[in-house]
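Now, the feature entries from Swiss-Prot:
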TOPO_DOM  1-387  topological domain 'Cytoplasmic'
DOMAIN    2-335  domain 'SPX'
TRANSMEM  388-408  transmembrane segment
TOPO_DOM  409-429  topological domain 'Extracellular'
TRANSMEM  430-450  transmembrane segment
TOPO_DOM  451-474  topological domain 'Cytoplasmic'
TRANSMEM  475-495  transmembrane segment
TOPO_DOM  496-507  topological domain 'Extracellular'
TRANSMEM  508-528  transmembrane segment
TOPO_DOM  529-654  topological domain 'Cytoplasmic'
DOMAIN    593-784  domain 'EXS'
TRANSMEM  655-675  transmembrane segment
TOPO_DOM  676-703  topological domain 'Extracellular'
TRANSMEM  704-724  transmembrane segment
TOPO_DOM  725-784  topological domain 'Cytoplasmic'
Amino acid sequence: MVKFTKQFEGQLVPEWKDAFVDYSQLKKDLKKIHLFTNGVEKKHTETSLIKTVKSSLGRLSIFGNKGREQSRVIQVHKKLASSGSNNDVYETELLEKIADDTDAAKEFFACLDMQLNKVNQFYKTKEKEFLERGECLKKQMDILIELKDAFKQKQANGESTQESKEDDSISCTISCEYDSVRGRTEEMQLQVSCLDNLEDNGEEALESLGSEEPIKANNEDSKLTTVSSRVFSCQGKNVKIKIPLTNPSRTFSAISYLINQSSSKKNGPDGGNKLQISKKKLSHAEKMIKGALTELFKGLNYLKTYRNLNILAFMNILKKFDKVTGKQILPIYLKVVESSYFNISDKVMILSDEVEEWFIKHLAGENRRKAMKYLKPHHRKESHSVTFFIGLFTGCFVALLAGYIIVAHLTGMYRQHSANTFYMETAYPVLSMFGLLFLHLFLYGCNIFMWRKARINYSFIFELGSKNELKYRDVFLICTASMSAIAGVMFVHLSLLEKGYSFRQVQVIPGLLLLGFLLILICPLNIFYKSSRYRLISVIRNIVFSPLYKVVMLDFFMADQLCSQVPMLRNLEYIACYYITGSYATQDYEYCMRVKYYRDLAYAVSFLPYYWRAMQCARRWFDEGETSHLVNLGKYVSAMLAAGTKVAYEKERSLGWLCLVVAMSSVATIYQLYWDFVKDWGLLQHNSNNPWLRNQLMLRQKSIYYFSMVLNLVLRLAWLQTVLHSSFEHVDYRVTGLFLAALEVIRRGQWNFYRLENEHLNNAGKFRAVKTVPLPFREVDEED
């Protein structure tokens, strides 16, 4: 049977962990009473039969109220909070001696009261937040329905021409200017700062958070604005529509709108007062409302879970207390818990039913099953067959890799000054590229395993849906199956060369292997994790076209991964040139190295990941206005300069370039180490409870964090190989390069865990368990 502690910790909302009943602390307080009681029993071994009979008779209901009053050893008082808010505070008074250690009993009930007050206040705060969100979404639905009715009425009256049938729209009058991104960001930050106080001030912060009015930031002085929001008058209401600039088409349309608006002002006051609201815009607005309703429904379910688990926690700890002390406290205190606000309030249940009804009626076409796919998505069940195939493919990969290594050793392919240079220049880059790629993917699977074990909500951080979320077993299956295929193909390729086949006859095999993986990646059939593959393609697209796309956590996390895969990208570029130019047919592997534009492209590939990441920082600064993004941009600029000096030094090995490599690489390394430890991992806090770490740690062993910092430092210094020209004896320099590239991939895999741990703790500190989806419409006064 699973212990309640594990069951409780396994089912609670990770980001709200500090707001749940501190069950472990209550168990510690109860253990003090238990240890003291056991010590007294050893000194006084005699037992009283009369007391035992009386206590047993007192429990029987036949003795009525008299028996109940005798068992009433505590009284729970309900008071108003001293801060003057409407929050109730519970305080327990001991009417008689409960345990041999009275102080320990008082300490236990003080902690129990504190937990009950905390749960009540947090529930009220979140309930108020969700109710306000629900009221806002109800207005959004009304506006959306009204605009949809306007379209239907227009079509019914036959007003639309042949042109408008292609893109039906209604004309609305613009009544004011556009909104400010930074102003909205400041408002959000001020609201978040109130939540930050909760971690520092405990109950008082919860009280102030519950009683505080919404804070509005003054955005009049903000210079950075966006045309994503426009105000129009439709059906007797002034409504502001805000469509986020999340992709290039919206960004360019917003810029063209600004140009048209400025030209219309020159032509006259009435030149630009009409705004066409198309079906496309309404469709996007409907998507935004659908996403907001889904997140609200998820938050309401979290609040239900919060209530149920806390009730169980109170019940279990009171049962344990009764068992230790022999008293009947459970029925008395549990009655207070059941009558407290967080248990008797039904507002969350009512709102949850309303959200479900709205979704079914207006967004799912009265189809309940379709609505439930959005509101309650089913997660894929983990199959034992996946585990079986992981083991099968692992065995195949090990056997094929062993065979490949033996054949390579016998032929001397990887030795320095080998006669088989052609193989190392053409086939080996394919193997090393796939090796680095799937090593990275394997480490990502290890990351997922550790995140789940540490209760880090990575799917929420990455905004992964149930369809495109890969479990760690899925990742391991992809890795083992792919590497088995790669090792098998490369083993066959090398064996054919050993049997006397010419390079011309077998050289197409590595190219076909690469082509096969590319076809699987873009395959439109619903096989091989289609949703995850297409999500990966969309993320790569967002990175490549930075800063035109709005940057989310998954985008810049993936861009950071590419910064550690520069050798893989250079191999990919060389392989593409080798096969696209037809060099494999002429066996002229040096062609791609002789051509100037290829050499220039090789330099560009070394810069690209850092450039993409820098552009993402610029876009985040543009959207949010935080200077920390500009400082982060400087880190990637320093990395680009360091990479550029390394490439130049490889081309022209002079003392001047060597000094420049050392200087630039040292600056970039120090910059990156500081950002890794302080910003990305949140460590090196000198006033922390854990020396030079941070106050909250997801791993119990502090030594792991110190070891990880040292290991990250050592692996960051891999660039020294460029200066020292170190290599393994009798081993080709390309193998040495692969080994060093693999070390950087391992460093990135280690970095990933602590980066998401810090992000999760930031979410937990702000009790952020659901996304805040922007809403498309906002009513404004005519004066505005």
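Glycine is no exception: its Cβ is also placed from the backbone N, Cα and C atoms.
Counting Cβ pairs under 8 Å to the transmembrane segment (430-450), the stretch among 388-408, 475-495, 508-528, 655-675 with the most such contacts is 475-495.
Within the chain carrying the transmembrane segment (508-528), a Cβ under 8 angstroms from the stretch's Cβ atoms is held by residues 426-427, 430-431, 434, 482, 485-486, 489-490, 492-493, 496, 536-537, 575, 578-579, 584, all 6 or more beyond its ends. Secondary structure counts, DSSP: the topological domain 'Cytoplasmic' (451-474) has 10 helix, 0 strand, 14 coil. Within the chain, the topological domain 'Extracellular' (496-507) has long-range Cβ neighbours (under 8 A, six or more residues past its boundaries) at 407, 410-411, 422-423, 426-427, 584-585, 587. Outside the topological domain 'Cytoplasmic' (451-474), and at least 6 residues removed from its termini, the chain residues within Cβ reach (under 8 Å) are 9, 14-15, 17, 377-380, 382, 386-387, 390, 445, 529, 531-532, 534-535, 552-554, 557, 698-699, 753, 756-757, 759-760, 763, 769, 771.
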